[in-house]
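Asker: Quick paste from Swiss-Prot:
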- MET37, ARG79, LEU117, GLU158: substrate binding site (BINDING)
Amino acid sequence: MISDLRSSILPPLKWLSDQDPPVPAGVSDWLMELGSMTRRFENHCTCIRIEPQRECFITRDNLKEEAAHLPNSTCYWLREVILMGDNQPWLLGRTVIPQETLFEHNEALINLGTVPLGRYLFSSGNLTRDYIYIGRQGALWARRSRLRLAGKPLLLTELFLAASPLYTTNSI
């Protein structure tokens, strides 16, 4: 079923360029994390919980600027979640997956439900990352990564909310 996507849980983000001031080192350490953000968050709480907000198929017309980061596809799986650390909202996550990426062994991605995306991705053994872009939404930091599972792309955008340990801890 294709959803008529009216709005995202993510507010509009401003992606940084080389002309923007440098990102503070402690923040950059979090945003440039190459491993599982879920695992990193687990170092700062006793309980990680995912609250799915939207899980559905969408068309390319719903991608907006994300379309430039993904190949043409008949449809895309969209997953938007709130990641909670000890019952505090820490992160808004938006994952867009071309239908072709779901073929073969990755169809489990559409049934993650309350399972953190990182638990699936980083247990696959076939994960690579093409890039990380850093962005802002007011005082909040964000990042966008194009990842590949067995060479097939998916796009992950994460907005770190005010209660996130990114703002309250030194790099750990």
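Cβ from N, Cα, C; glycine included.
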Asker: Tell me, by DSSP, whether LEU117 (substrate binding site) is helix, strand or coil?
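Answerer: Going by the DSSP assignment, LEU117 (substrate binding site) falls within a helical segment, counted as helix.
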Asker: MET37, LEU117: which of these binding-site residues has the sparsest Cβ neighbourhood within 10 Å?
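Answerer: Ranked by other Cβ atoms within 10 Å, the binding-site residues MET37, LEU117 bottom out at LEU117.
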Asker: Which of the three DSSP states, helix, strand or coil, fits MET37 (substrate binding site)?
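Answerer: Note: MET37 (substrate binding site) is helical by DSSP.
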Asker: With an 8 Å cut-off on Cβ distance to the MET37, ARG79, LEU117, GLU158 Cβ center, who else from the chain surrounds the substrate site?
Answerer: THR38, VAL81, LEU83, LEU91, GLY93, ARG94, THR95, PRO116, GLY118, LEU156
Asker: Cβ distance under 8 Å to GLU158 (substrate binding site), same chain, sequence separation 6 or more: which residues?
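Answerer: Expected: MET37, LEU91, LEU92, GLY93, ARG94, ALA142, ARG143, ARG144, SER145.
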Asker: Which residues does ARG79 (substrate binding site) neighbour through Cβ under 8 Å, counting only same-chain ones at least six apart?
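Answerer: Counting only residues 6 or more apart in sequence, the Cβ neighbours of ARG79 (substrate binding site) under 8 Å are PRO52, ARG54, GLU55, GLY93, ARG94, THR95, ILE97, LEU109, LEU112, LEU117.
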Asker: Taking the residues the record says bind substrate (MET37, ARG79, LEU117, GLU158), how far apart in Å are the two Cα atoms that sit farthest from each other?
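Answerer: Max span of the substrate binding residues, Cα based, is 17 Å.
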